[in-house]
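Peer 1: Here you go, one structure.
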Amino acid sequence: MKTNYIFVTGGVVSSLGKGIAAASLAAILEARGLNVTIMKLDPYINVDPGTMSPIQHGEVFVTEDGAETDLDLGHYERFIRTKMTRRNNFTTGRVYSEVLRKERRGDYLGATVQVIPHITNEIKDRIISGGEGHDVVLVEVGGTVGDIESLPFLEAIRQMAVEVGREHTLYLHLTLVPYLAAAGEVKTKPTQHSVKELLSIGIQPDILICRSDRVIPANERAKIALFCNVPEKAVISLKDVDSIYKIPGLLKSQGLDDYICKRFSLDCPEANLSEWEQVIYEEANPSGEVTIGMVGKYVELPDAYKSVIEALKHGGLKNRLTVNIKLLDSQDVETRGVELLKGLDAILVPGGFGGRGVEGKIMTARYARENNIPYLGICLGMQVALIEFSRHVAGLEKASSTEFEPDCRLPVVGLITEWRDEDGNLEVRSEESDLGGTMRVGGQPCHLTKDSLVRTLYGADTIVERHRHRYEVNNLLLKRIEDAGLRVAGRSVDNKLVEIIEIPDHPWFVACQFHPEFTSTPRDGHPLFTGFVKAAGKYQKGQLK
């Protein structure tokens, strides 16, 4: 079967939810037995989001193959079974970087390098290579139609229809249809102007998904169809819903998947959305609720922890519990004290970089340990738990990390090339090592310790989880910490690196170096988050032992 492409653009305003809409459509097509993937084209100049501020851009989603990508790829993986790779996300910066590299190498044989054809050809090549082997590829173009940054991408997808055939390309445009209370009606003019802008670039949309806070009346949909030159059945009303997992069913109920399959001449069975119906049922029928505190340093933008928040909700689904998440700034804990943590059923400390707010996280880990509150530490959340235990239980009062204190005498956490023992002797490791002084990123296998809590939770001896960090537990100081009662519950398969720690005499205290949130989905959940939320429910009822 030849690959079919659906190009998803947005108009009128930003943040309309193109990623959720594209992922929901992909979920329906996957439920019809099609092999589907999704790509995200980002118009910013950064080569990737890896060094961008989480407060500006939101979280960096890590793929199995180690790509640092846009958070929308997290939505994609939560909605479809296909795993994303580095081919599923690229930026203007990545494209220009590659074109300039080819120019320096002489690949263009002395030609004048221009946006058309060189930049647009590079974009098209990446779209085609990323879609190889799939029946349908959804391509989300970041930004809003009319933005100057998006023009090369829009020109490239316009050319795709010419090169792969109009019968294998489809343009889906997401717009806003606002409701004006003073007039008592929805207004279609912004959508008409957005489509006009798209037409000026040479793209006639085939489908319009119209976002609104209410169902768009049939007469208004007919008006949009007439003025935008789109069949009325291809004007889809997408009203606000209380759960994003209702969107696949909402789109299917309006025949969107049937329209697309007929457009591409695809003969496939009806979509079976029973899994999504089960998710919706679990979400709508909880048996109780818990409050989990998340103590981080980027809490002013919840999207900085998007996958963690979603994973906690998935854990709630699997336990039939509503999870209320209380976001707490670690600097506030540092300055105002652990009083802020009272009344919580569980505590999670997520990942982060740098020293700001770290002492507040260490105080949080201590509070959870001393008060027998369920604790889940992720990445930096594991490192602060280790530092706290080292200082207050193992007697290593000066324990710290070289990330926060480059000259600290007892670095229980450090770059592999910085490990020191108790006598201050530096153990020099090779700078050529894959881990020495570099970011450890992507899926890594981990062997779980026999009789550990995590081995029971996972039900497996070996797991693969995704990492994104530079600092590791210092093995040279580990024995003293283990002798004080800390358990290493998971190690890298070569037995060199600590991946998971537990406190056996605590009811539920687990911390991991990897990021389990990246592999949690609403249909399957994740063993750590499911177990964590279950522990929160038991703690609330006084049943956690």
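Note: Cβ is positioned from N, Cα and C throughout, glycine not excepted.
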Peer 1: For the CTP site that Swiss-Prot describes with SER14, ASP147, ILE148, GLU149, LYS187, THR188, LYS189, PRO190, THR191, GLN192, which of these is also annotated: LYS40, LYS223, LYS233?
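Peer 2: The candidate from LYS40, LYS223, LYS233 that Swiss-Prot ties to CTP along with SER14, ASP147, ILE148, GLU149, LYS187, THR188, LYS189, PRO190, THR191, GLN192 is LYS223.
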Peer 1: Out of ASP65, ASP70, ASP72, which is the one Swiss-Prot records at the ATP site of SER15, LEU16, GLY17, LYS18, GLY19, ILE20, LYS239, ASP240, VAL241?
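Peer 2: Checking ASP65, ASP70, ASP72 against Swiss-Prot: the ATP site match is ASP72.
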Peer 1: Quick check: of GLY352, GLY442, GLY443, which does Swiss-Prot put in the same L-glutamine site as LEU380, GLY381, MET382, GLN383, GLU403, ARG470?
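Peer 2: When Swiss-Prot describes the L-glutamine site, the candidate it includes is GLY352.
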Peer 1: Report the largest Cα to Cα distance, in Å and rounded to a whole number, among the residues SER14, LYS187, THR188, LYS189, PRO190, THR191, GLN192, LYS223 that the record lists as binding UTP.
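Peer 2: Between the outermost Cα atoms of SER14, LYS187, THR188, LYS189, PRO190, THR191, GLN192, LYS223, the distance is 24 Å.
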Peer 1: So, in DSSP terms, is ASP240 (ATP binding site) helix, strand, or coil?
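Peer 2: ASP240 (ATP binding site) sits in coil per DSSP, no helix or strand.
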Peer 1: Limited to the region 'Amidoligase domain' (1-266), I'd like the whole-number average of pLDDT.
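Peer 2: Mean model confidence (pLDDT) across the region 'Amidoligase domain' (1-266) is 95.
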Peer 1: What's the CA-CA gap between GLY381 (L-glutamine binding site) and HIS515 (active site) in angstrom, rounded?
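Peer 2: Spelling it out, the Cα of GLY381 (L-glutamine binding site) and the Cα of HIS515 (active site) are 10 Å apart.
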Peer 1: Can you figure out which of SER14, ASP72, GLU140, CYS379 (the recorded positions) comes closest in space to THR188 (UTP binding site), comparing Cα atoms?
Peer 2: SER14
Peer 1: Quick check: in three-state DSSP terms, what is LYS187 (CTP binding site)?
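Peer 2: For LYS187 (CTP binding site) - judged by DSSP and reduced to three states - the answer is coil.
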Peer 1: I'd like the Cβ neighbour count for LYS223 (CTP binding site), meaning other Cβ atoms within 10 Å of its Cβ, all protein chains included.
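Peer 2: Excluding its own Cβ, the number within 10 Å is 18.
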